[in-house]
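Have a look at the structure below before the remarks.
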Amino acid sequence: SEAGGPRDTEPGQQLRALFYALRPGESSFRTVEEVPDYVEKSIPFFITFIGLEFAVSWIQKRKLSGRINDGISSLSLGILSRLPDVLFRSVDLISYIYVWNNYRLFELPWDSPWTWYLTLLGVDFAYYCFHRISHEVNILWAAHQVHHSSEDYNLFTALRQSVLQKYTSWMFNLPMALFIPPSVFAVHLQFNLLYQFWIHTEVITKLGPLEWILNTPSHHRVHHGRNPYCIDKNYGGTLIIWDRIFGTFEAEDAKVVYGLTHPVNSFDPIMLQLRPLAHIWNTFWATPGFCNKLSVIFKGPGWGPGKPRLGLPEEIPVVTGKEVPFNPIVPAYLNWYAVVHFAVIMDLYTELLAAVTTLSPGTVLLRIGFIILSLASFGLLMENKSKAGILEIIRCIVFIGVYQLGYFRSQFSFLGYAYEV
């Protein structure tokens, strides 16, 4: 169809969107309403690439690229991060459209290739600024650290996102709303996010000359490392040029050990989201002096009284290479139980996304509440907690009740009886 007209993205376009490889003419739209949900349409490719990564990792190293417990934790955090969007429109777009409607200085043409490329640079630079500040300001790090909490590095890790981060990232995009149309911004906001999916892998090594311009798996592995040389490096989203310009670039060198400098040792998605905030709260009240209390919130996560803003580099724990990821011993049947039940929740979640506009607010809230309960229960099962069994029994009884009453439904009607069994 003509540029700006209603259209569906073809499978080839959806695949190329993952790599930011769509041309301006095929991804420019007059209004925000015409912009496809590229992220939702990419879900089948997420699944396909995760399977491909497992296969390639097995061929290369004779081992899988991840663990069941960590994978379920990452997917759980990804689902949690998207649940607010079921209830509310994206805060990024709401704020952007408001500034555009009320304060724009001039209007660049929505169908110009120059506007498209300028927005690519603008969105990526805004992401670099926000990403860097998220590592350097403790209260923002409390949200962003969720993405770094995995001790594995694979495509599951890309889906490990914070519920709270989006409520601070939006402000970094607002300067563009003074002149760039919301429809163009909405496209690049999704492309920038999608591009960062495929760089979360160890099966791709180096990409030659592209390493100078693009953010690549090698560059992003450094960003996820807890080795001292990796800390606070390589903040880029799509492009690595900002890190090279502002002095935050570091090439991959010694073997990267992934995760936080002080691992949280949990697969509970609720705990992973909230524990850092609880830590800030406790530190705030335990720290003497009003200015010091403010510093707990607004200086770096490594700061303490008498230390520089970002803390002391020598206090970063040394990495020996012998670190053992958190991996509680769980019976094999429990792993498979969690996988099967997580698949049921994935079905209910995707059905909720498809049917949300036809459901009553009460039904939507009931489904969201049950999904959160389920994800928390799976996290406790993966940790082999003593109370996990009781919570899981309660969860299953609730499921049977609400399923019988018709508040849940599967995308696949023939599975209804199997779900109850």
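Cβ atoms here come from the backbone N, Cα and C positions, even for glycine.
According to TrEMBL, the transmembrane segment annotation covers 42-59 (among others). Long-range neighbours of the transmembrane segment (42-59) within the same chain, counting only residues 6 or more positions beyond its ends whose Cβ lies under 8 Å from a Cβ of the stretch, are 14-15, 17-18, 65-66, 154-156, 159, 194, 197-198, 201-203, 350.
The DSSP breakdown of the domain 'Fatty acid hydroxylase' (117-248) into helical (H, G, I), extended (E, B) and coil residues amounts to 86 helix, 3 strand, 43 coil. The domain 'Fatty acid hydroxylase' feature in TrEMBL is assigned to 117-248.
Among the features that TrEMBL reports, domain 'Alkylglycerol monooxygenase C-terminal' is placed at 334-421.
Per TrEMBL, transmembrane segment is recorded for 336-357 (among others).
What TrEMBL lists as transmembrane segment is 364-382 (among others). Here the transmembrane segment (364-382) has long-range neighbours at 68-69, 72-73, 76, 79-80, 83, 86-87, 266-271, 328, 330, 334, 337-338, 341-342, 345, 348-349, 352, 356, 388, 391-392, 395, 398-399, 402, 407-408, meaning same-chain residues at least 6 beyond its ends whose C-beta is under 8 angstroms from one of its own.
Look at TrEMBL and you will find 388-408 (among others) tagged as transmembrane segment. The list of residues near the transmembrane segment (388-408) in space but at least 6 beyond its ends in sequence, with Cβ under 8 angstroms from a Cβ of it, reads 348, 363, 366-367, 370, 373-374, 376-377, 380-381, 416, 419-420.
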Beyond the flanks of the transmembrane segment (336-357) by 6 or more, those residues with Cβ under 8 Å of it: 40, 43, 68-69, 72, 75-76, 79, 86, 364, 367-368, 370-371, 374-375, 378, 381-382, 408-412, 415, 419
